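What TrEMBL lists as GTP binding site is Gly109, Val110, Asn111, Gly112, Ala113, Gly114, Lys115, Thr116, Asp191, Thr192, Ala193, Gly194, Arg195. What TrEMBL records for 276-289 is domain 'SRP54-type proteins GTP-binding'.
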Amino acid sequence: MGFFDRLKQGLKKTGRVLNTDIRDLFKSEGRLIDEAFLEEIRAILFKTDMGFVSVQALVDEIATTMRGRVVQMEDIVATLKNKLRELLAQSESPIEYAASGPTAVMVCGVNGAGKTTSIAKLAHMFKSQGKSVVLGAGDTFRAAAVEQLTIWSNRLGVAIVTGEPKAHPASVAYRAVEKAIADKTDVCIVDTAGRLQTQVNLMTELTKIRDAIAKQIPEAPHEVLLVLDATTGQNGISQAAKFAEAAGCTGIVLAKLDGTAKGGVVVAIRQQLNLPVKFIGVGEQHEDFAAFDSNQFVDALFADALGV
Ligand SMILES: Nc1nc2c(ncn2[C@@H]2O[C@H](COP(=O)(O)OP(=O)(O)OP(=O)(O)O)[C@@H](O)[C@H]2O)c(=O)[nH]1
């Protein structure tokens, strides 16, 4: 299965809401675009958790371009797709690589968001691109997290740096980047323990981890990725905004998109957080992960409606 099929499969819950409900609006006939129709389509879009501003923008687009006309389902889907592409537009490159030497990527987020799994998926992706990887097991809080990451490193055949139990995560990060430089490794991915943006001490700890990485490579970390759990939908966004600001995040990894019918949250995140969605997870396998591509995402979302 290629990634487009995995994405389609992963977005099935969200796609079902959109496609079935939109199809029901038409019942294979044309529909007059009037206020009643606009309200019906608004209600459908809301269900996917796109957020008020995005839904309004989509409804406005339909109203402006189609009000008073009789249109087919395909016309509405095409208009929604175009506007969504516009709302989701962002710079293409998912990772800002170092000009020379290792690229350091720090990964943070709240407990259970999907950090460790996403790190394994990232490592797999870099490896399949021919890049060498070293992992830094910076979640020294939980022995199980170090264990889990060690298992992944063995499975993936990538190096790992761990600390003594309860070692300071900054020292693990420092040594992981040190090893990346010594071994001429392409990418160093540093895990961090789950935390809440309200836990001041733990948020300060993230700054210490950053500083430790920067002692090895002044312009690093090149990326600080915030892993968000898509199943929390829009509820997680304001929390994420505070987290991202405090931790100096450069992008979002949106995990567990397959577990929710609220996949429209990608649109809400793009609109409400001043950060690109860099990667998405649509399942538990390594292959269920890729750089976020807005065109591909929008196509997968409406694939069922168009029978693609
Ligand atoms: N279905 C699905 N499950 C996922 C995805 N990403 C992660 N998971 C699952 O989510 C659960 C939590 O993932 P972890 O990677 O352990 O989360 P974490 O953020 O490292 O957790 P802590 O270390 O406790 O903070 C695991 O059961 C993963 O298998 C995804 O894209 N889709």
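Glycine residues also receive a Cβ, built from the backbone N, Cα and C atoms like all the rest.
Where the annotation comes from TrEMBL, it is an automatic prediction and has not been curated.
TrEMBL feature annotations superimposed on the structure.
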{"residue": "Gly109", "record": "GTP binding site", "DSSP class": "strand"}
{"residue": "Lys115", "record": "GTP binding site", "DSSP class": "helix"}
{"residue": "Asp191", "record": "GTP binding site", "DSSP class": "strand"}
Around the Cβ of Asp191 (GTP binding site), the count of other Cβ atoms that are within 10 Å: 29
Candidates Lys115, Arg195: member of the binding-site residues with the richest Cβ shell (10 Å): Lys115
The one of Gly109, Asn111, Ala113, Ala193 whose CB sees the fewest other CB atoms within 10 Å, among these binding-site residues: Asn111
Structural state census, the domain 'SRP54-type proteins GTP-binding' (276-289) (DSSP three-state): 0 helix, 6 strand, 8 coil
Other residues, Cβ within 8 Å of Gly109, Val110, Asn111, Gly112, Ala113, Gly114, Lys115, Thr116, Asp191, Thr192, Ala193, Gly194, Arg195 Cβ centroid (GTP site): Val107, Cys108, Asp139, Val227
Binding-site residues close to ligand 1 - of Ala113, Asp191, Arg195, only those whose C-beta is under 6 Å away: Ala113
